[in-house]
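Chemist: Copied straight from TrEMBL:
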ACT_SITE  Asp318  active site
ACT_SITE  Glu451  active site
BINDING   Thr535  Ca(2+) binding site
COMPBIAS  562-574  compositional bias 'Basic residues'
DISULFID  Cys383-Cys415  disulfide bond
Amino acid sequence: MARVRSSSSSSRLRYCNPAYYLKRPKRLALLLIAFVSVTLVVWDRQTLLREHEEEVAKLSEQLSHLKSLVEDSQNVQGDATKKVMLKGRGGEKEVVLDPIDIQRREKVKEAMIHAWSSYEKYAWGQDELQPQSKNGVNSFGGLGATLVDSLDTLYIMGLHEQFQKAREWIATSLDFDKDYEASVFETTIRVVGGLLSAYDLSEDKLFLDKAREIADRLLPAWDTPSGIPYNIINLAHGRPHNPSWTGGDSILADSGTEQVEFIALSQRTGDPKYQQKAEKVIVELNKTFPDDGLLPIYINPERGTSGRSIITFGAMGDSFYEYLLKVWIQGNKTSAVKPYRDMWEKSMTGLLSLIRRTTPSSFAYMCEKNGNSLTNKMDELACFAPGMLALGSSGYGPDDSKKFLTLAEELAWTCYNFYQSTPTKLAGENYFFYAGQDLSVGTSWNILRPETVESLFYLWRLTGNKTYQEWGWNIFQAFEKNSRIESGYVGLKDVNTGEKDNMMQSFFLAETLKYLYLLFSPSSVISLDEWVFNTEAHPIKIVARHDAVTSGIANGNDRPKIRLRGRKAGRTRE
């Protein structure tokens, strides 16, 4: 018996039959319209859902990024809290982060990642990267100069994976037994300083042991009748000597720029010999220190006396004056280190005698001196001086403090214009000042030097004037435009034409990028109340000194007690 369908079932079957609509075009059109409408609604909902999911993902990513930025902006020893809190000697305070500073700091960090990854890819373990030819070169005897120089920059920027990889290379591959004629000065500021800074930041004893190992190989350089060191030593065999082109003399900056590192090494190891060797140099120079505090760049290591030669705050003179101030700061400005401050203030009296101003723009600059004759020339290297003057100005009374800070600001303006006056907006190596002209490039190369940025960092920290941040950002952008290539950063053979060289100097990572990063970081990130920078921008912990200069005493009370982040957070080193 046939089954009878209900009318409703027949209707549903009819509407499902295509022939029904072919005979009724209006109904077909209505159905198509309905179908399209439903499809569009569904599609819109799916699209909105996808867009919503993408937006949520982007917001999540941004939130994660902001969280990372906030964490990065903590004090490098910092205790992470729900608020952005920064710790310093004055206690804990809440800081509002400037979004522009955050953005710029991240750009500098990205530049460091680019420089480091290029070194890692093409020159790992070698001293420096040649970016154009994509190979490494051992310009410092194979001590991994860029790697060691970059340790603290990596740590401060929170690049801990890169830091740990570098640490493993040091543990397994850093060998100082090299038949290599090493510069005592360069090895001290880059290698000893870099290792000590990594130790102070991470509390990893490997770095202290390695610093001591290389320092022991350098010590025979101080075995001279006067205690003024020879400037070159063979790392494997000893045999210190001076370069032939100095006529047997030692160089002022090379001999007077080891005190910060060697004092720190004695404090952290408890062995006084490093401090004794380095401080004997200052005692010897102080015996005949002139009233204007200006010393020629050549010193006889046999007699400890200076001959007739150029006086300059540029190459071969510069960091001697810097360390007179910084050892005073390193010792926490106690009476034990006051002789350094006294010598430095004499030298600043001498510096004032070298200041001249241009026409028509009245740019302040520092002359060089030979006998009674002045030369209207200033190295870009001398652009560390504005930062030094600003850093030391607070040790004076109110009137002198204002005078030296004002001079620091005037010299910084000149140094910034070293950059702004060229087509590439990068500074040449030195400048001349002719009558009726403001400034003219002399030697026209740029090798990624940090000195002007260093001074801008100090002036921003000490005055709070954001103009110095703007100037630093402009300089950074000029480096990005002219020096960045696919395989790292290069200097310029000529700042007028922009022609590139083939070297990424280790100090670009150690100093230039570090100072730029700190220029856009809160002031308690590597606080100037707690750290002093060596001349290679390696931060060393300030430790109050109570021993007399050259006594060599480094008792337990002199050892630094440092709060550190990480698995030992909250502990102090006793």
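Each Cβ is built from the backbone N, Cα and C atoms, and glycine gets one as well.
Any TrEMBL annotation is an automated prediction that lacks curation.
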Chemist: Among Asp318, Cys383, Cys415, Thr535, these being the recorded positions, pick the one whose CA is nearest to that of Glu451 (active site).
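Modeler: Among Asp318, Cys383, Cys415, Thr535, Cys383.
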Chemist: Validating a neighbour-count step here. Other CB atoms within 10 A of the CB of Glu451 (active site): how many?
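Modeler: The answer is 26.
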Chemist: Measuring Cα to Cα, how far is Cys415 (disulfide bond) from the residue listed as 'Ca(2+) binding site' in Å?
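Modeler: Answer for this pair: 18 Å between alpha carbons.
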Chemist: Taking the Cβ of Cys383 (disulfide bond) as reference, which residues of that chain separated by at least 6 in sequence fall under 8 Å from it?
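Modeler: Residues satisfying the criterion: Leu411, Ala412, Cys415, Phe418, Ala427, Glu451, Thr452, Glu454, Ser455.
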Chemist: Counting every protein chain present, what is the number of Cβ atoms, excluding its own, within 10 Å of the Cβ of Asp318 (active site)?
Modeler: 24
Chemist: Cβ-Cβ under 8 Å from Thr535 (Ca(2+) binding site), same chain, 6 or more residues apart: which ones?
Modeler: Ile189, Thr257, Val260, Ser319, Glu322, Tyr323, Phe384
Chemist: Run through the Cβ atoms and count how many others sit within 10 Å of the one on Cys415 (disulfide bond).
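Modeler: Result for Cys415 (disulfide bond): 29 neighbouring Cβ atoms inside 10 Å.
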